[in-house]
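> One structure, pasted below without further comment.
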Amino acid sequence: MAKKTIDQIDVQDKTVLMRVDFNVPLDESLAITDDRRIRMALPSIKSVIDRGGKVILMSHLGRPTGGEGDEKYSLAPAAKRLGELLGSTVHFATDTVGDDASSKASSLAAGEVLVLENLRFNPGEKKGDSEFAGKLAAMADAYCNDAFGTCHRKDASMVAVPEAMAGKPRVVGHLVAKEIQYLTDAISKPERPFVAILGGAKVSDKINVINNLLGICDAVLIGGAMAYTFSLASGGKVGKSLVEKDKVELAKELMAKGGDKLQLPVDTHCGDDFGNIAGCNKKVVAAGEIPDDMEGLDIGPETAKKYAEVIKSAKTIVWNGPMGVFEKPPMDEGTKAVAQAIADGDAVSIIGGGDSAAAVDQLGFADDVSHVSTGGGASLAMLEGQAFAAVDLLDEA
């Protein structure tokens with residue numbers, strides 16, 4: 001699956017149309033609260049401008065329902081922040097394929113950067129529209145995909161644009177190359193023991209991942225609220241815990257398939273008031289023994305200890321989804337114990353994006369793991385064994 005990278009093509013005086021992921025959080029005053037995604041795109045952008053090329057950046061931000069002009073979904077703050085990080089002027093177009101974008105794209109000089117307005121302001125983006133894609137494609141001499149977070153999607157900028165640029169160089173950026181290498185290596189040639197840790201709320205979100213990983217991993221450790229659906233499937237009492245009753249039969253099938261590989265919590269940290277975790281009645285009970293007026297909120301200390309032992313012996317670890325309500329202490333203890341065990345070990349550790357990436361960051365372990373993925377949905381899709389059309393059609397290395 002190795003693809004040609006941005007560093008491997010000639011960009012001198014050429015225009016590169018680069019799909020990035022600038023889907024950054026903004027506060028009420030439209031200030032960026034976390035610019036990590038912009039910073040992660042810098043190596044690919046610099047690869048072009050430092051070699052005398054021109055860059056046109058395209059991205060989505062949020063899920064706008066109206067047309068252009070809804071400033072809370074505008075990429076203007078991202079363009080401004082990028083200029084600060086690069087220490088140079090970054091041009092911004094108020095549309096994607098309109099007059100402003102066209103005139104600014106055609107007047108770009110070598111070493112300059114243009115950010116187009118939010119792709120999703122145009123309905124053609126989500127529809128994968130070829131006419132919209134053709135207008136974007138016409139602006140450039142080469143295409144670069146550096147948006148791993150949307151690699152599993154078939155949006156116009158991900159698939160129809162590179163299709164429209166057949167015959168021109170179509171490559172991956174640094175970020176996508178790194179993501180694919182880590183995740184592909186983990187799945188296809190892991191150093192063993194290979195352990196997967198899966199948390200989060202819903203079994204339904206992770207069915208295909210659990211299924212695929214049970215065939216590849218030496219152990220699959222389950223935490224988060226989805227553990228309560230497994231508990232219910234084993235005949236346990238789950239109280240008021242979040243469960244998917246329509247997925248109980250499926251949980252039984254996964255337990256039968258997984259056997260000893262599929263490890264479930266042995267105890268649970270529960271409480272009686274989700275809205276006031278600090279002040280709720282908290283107690284640790286055996287798994288499957290949650291009182292009727294309580295709900296499970298985290299794995300218990302025995303489970304944390306048991307999982308830490310498995311993690312310490314691992315050589316490859318994939319973690320997707322927290323063990324409990326990590327954003328509400330003390331229900332962060334299970335997630336913290338897992339993060340600590342990963343940080344203390346010497347395994348190749350890959351943290352799936354989304355909540356697990358936020359947890360690792362919040363708990364201060366981001367520098368102690370091998371790789372924190374930038375794409376929650378995309379990393380899950382790769383762990384399911386899905387092929388990505390957006391990557392498959394790019395040039396082979």
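In case you wondered, yes, glycine gets a Cβ from its N, Cα and C as well.
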> If Swiss-Prot says Asp21, Phe22, Asn23, His60, Leu61, Gly62, Arg63, Arg120, Arg153 bind substrate, which of Arg37, Arg39, Arg170 does it name for the same site?
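Of Arg37, Arg39, Arg170, Arg37 joins Asp21, Phe22, Asn23, His60, Leu61, Gly62, Arg63, Arg120, Arg153 in the substrate site that Swiss-Prot records.
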> Closest of the binding-site residues to His60 (substrate binding site), Cα to Cα, picking from Gly296, Glu327, Gly354, Asp355, Ser356?
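For His60 (substrate binding site), the closest Cα among Gly296, Glu327, Gly354, Asp355, Ser356 is found at Gly354.
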> When you rank Lys206, Gly296, Glu327, Gly354, Ser356 by Cα distance to Asp21 (substrate binding site), which of the binding-site residues ends up on top as the closest?
Gly354
> What does DSSP assign Gly62 (substrate binding site), in three states?
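The residue in question, Gly62 (substrate binding site), is coil (DSSP, three-state).
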> So of all those binding-site residues, Glu327, Gly354, Asp355, which one's Cα sits nearest to Gly62 (substrate binding site)?
Gly354
> Please report the three-state DSSP label of Arg120 (substrate binding site).
helix
